[in-house]
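What follows is one structure encoded as structure tokens, with my remarks underneath.
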Amino acid sequence: MAIFRNALSRSLPELDTGPQGQPILVQSKESPEGWAPKLTESSPTTKVYKRRWIIVTLFCLYSMSNAYQWIHLNIIANIITKYYNASLPEDRFQRETTVDWLSMIYMLAYIPLIFPSTFLLNKKGLRVCAIAGAFLNVLGAWLKVACISPDRFAVLMFAQTVCAIAQIFILGLPAKIAAVWFGPNEVSTATSLGVFGNQVGVAIGFLVPPILVPNSDSLEQIGDDLSIMFYAGAGYMTLLFILVIIIFKERPPHPPSKAQMLALQNVHEEHYGRSLLNLFKNVGFDILTITYGVNTGCYYAISTLLNPIILDYFPGHEESAGQIGLTIVIAGVGGSIAAGIWLDRTRTYKGTTLGIYFLSMAGMVAFTFTLDLGLLWVVFLCAGALGFFMTGYLPVGFEFAAEITYPESEGTSSGLLNASAQFFGIILTIGCRAMINKVGTLGSNILISGTLLLGTICTGFIAADYRRQEAGKEILDQMDNVMQIEISEKESEKSRIAEPRSRDNQI
């Protein structure tokens with residue numbers, strides 16, 4: 001709060017007022033975010049623009065394309081293994097783990113690159129990061145077109161690595177876009193919509209590949225099907241790249257809220273390393289970073305290994321594996337939107353986070369012990385419940401972090417949360433793959449259930465320190481005090497003018 005008060009004390013004395021006695025903010029080239037206090041008679045203090053919906057929709061679309069590329073190969077892992085067998089290790093565990101790295105490379109690339117990417121986001125802004133992400137995304141898609149040959153798995157891995165680097169310019173943007181473009185009562189909903197695109201991309205990545213690339217004994221047929229899938233993806237992502245260049249803007253002319261204007265201004269005034277240090281010193285955020293990483297890492301592990309998990313209980317049901325993945329994500333989309341609306345209305349961040357975490361664990365337990373019933377509809381039902389809470393947790397974690405770390409940058413805090421998720425995702429995916437090969441699928445699922453239980457317990461120790469809400473109240477109080485002082489001064493001036501007139505009338 002000390003940082004916020006310093007920013008407030010620096011900003012408030014410069015605020016001027018309009019005809020209604022309201023402080024005024026206008027666009028300025030001197031301010032890093034383009035917003036600076038300045039005298040004007042016509043500009044509104046804050047304003048939300050209709051263009052914000054176009055911005056968040058475009059972000060959703062290109063986030064969707066990158067998330068699609070994350071999982072679209074692993075949901076047909078058995079087919080990829082068959083096609084590229086000539087360029088894969090001979091040992092079964094090494095061969096399957098190598099294919100798993102098509103997903104895990106997304107997690108590995110994110111960890112070392114998160115710090116330079118968040119630095120770039122804070123210093124260069126949304127537009128630069130959006131264009132960089134879209135360019136790398138389309139580059140990786142076109143490189144995959146060159147991978148259609150059983151001896152080119154290394155090229156496929158390189159292409160997937162390029163797409164993985166693109167994600168670092170995507171995953172940290174939802175909270176930042178919400179803060180820059182959306183009003184105070186829309187922030188959580190906007191963040192949920194930003195995450196929504198990523199979830200839909202994963203859903204398409206689960207659903208489409210098993211349909212476009214069915215299992216076949218002919219490697220030539222598999223190659224033709226992969227070619228169709230890769231060309232279609234590259235064409236779509238090229239169109240998105242062009243749209244991002246033309247449409248995506250850095251910021252609106254005026255800030256959507258006073259609190260976010262001050263926070264975004266403070267991001268540029270504070271040293272990036274000092275901001276990271278402040279986050280690491282925040283015990284609540286440290287615990288949340290671990291628990292968020294555990295929950296999301298479990299989701300990554302399940303998504304990566306869904307193909308072997310389902311085929312172990314239902315052999316030959318590649319399309320069913322994709323449809324179950326789709327069910328998890330679609331249910332998660334509903335959970336994300338519901339959680340965002342709930343947070344905007346109640347602001348009960350800790351209670352919501354803890355409740356969703358516990359229900360995620362319960363959903364995983366149900367999913368684990370219903371697989372061997374042999375009833376696909378029961379598996380679909382449990383997978384939907386699991387996805388509703390586990391995927392719905394993603395925006396809740398972002399917003400809880402923004403609350404307890406204010407006024408630090410949302411991009412930095414969400415970036416660290418995502419880095420934790422990638423770290424735990426790699427560990428859990430490798431651990432679960434080893435469990436599947438040595439113990440069985442049941443052991444792998446029990447491992448994930450136990451991990452979620454530990455995460456639920458740790459979440460209970462996070463303090464409900466809602467700094468962003470308190471900051472908003474402080475700003476309003478400061479504004480009220482300024483207006484009260486101005487009103488008192490005007491009334492005193494009127495009294496001084498009226499007093500001589502009264503004496504003249506008496507004479």
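Here the Cβ of each residue, glycine as well, is placed from N, Cα and C on the backbone.
If you check TrEMBL, you get these features:
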TRANSMEM  53-81  transmembrane segment
TRANSMEM  101-121  transmembrane segment
TRANSMEM  128-147  transmembrane segment
TRANSMEM  187-208  transmembrane segment
TRANSMEM  228-248  transmembrane segment
TRANSMEM  283-302  transmembrane segment
TRANSMEM  322-342  transmembrane segment
TRANSMEM  354-371  transmembrane segment
TRANSMEM  377-396  transmembrane segment
TRANSMEM  416-436  transmembrane segment
TRANSMEM  442-464  transmembrane segment
Recorded stretch, among 53-81, 128-147, 283-302, maximising Cβ pairs under 8 Å relative to the transmembrane segment (228-248): 128-147
Contact call for the transmembrane segment (354-371) and the transmembrane segment (283-302): at least 3 Cβ pairs under 8 Å, seq gap 6+: yes
Top Cβ-contact partner of the transmembrane segment (283-302) among 53-81, 187-208, 322-342, 377-396, 442-464 (pairs under 8 Å): 442-464
Contact between the transmembrane segment (416-436) and the transmembrane segment (101-121) (at least 3 Cβ pairs under 8 Å, separation 6+): yes
Which of 101-121, 128-147, 187-208, 377-396, 442-464 contacts the transmembrane segment (53-81) most, counting Cβ pairs under 8 Å: 187-208
Residues of the parent chain within Cβ reach of the transmembrane segment (377-396), under 8 Å, 6 or more residues beyond its termini: 174, 188, 191-192, 194-195, 199, 292, 295-296, 298-299, 310, 313, 323-324, 327-336, 338-340, 343, 349, 352-353, 356-357, 359-360, 362-364, 366-367, 370-371
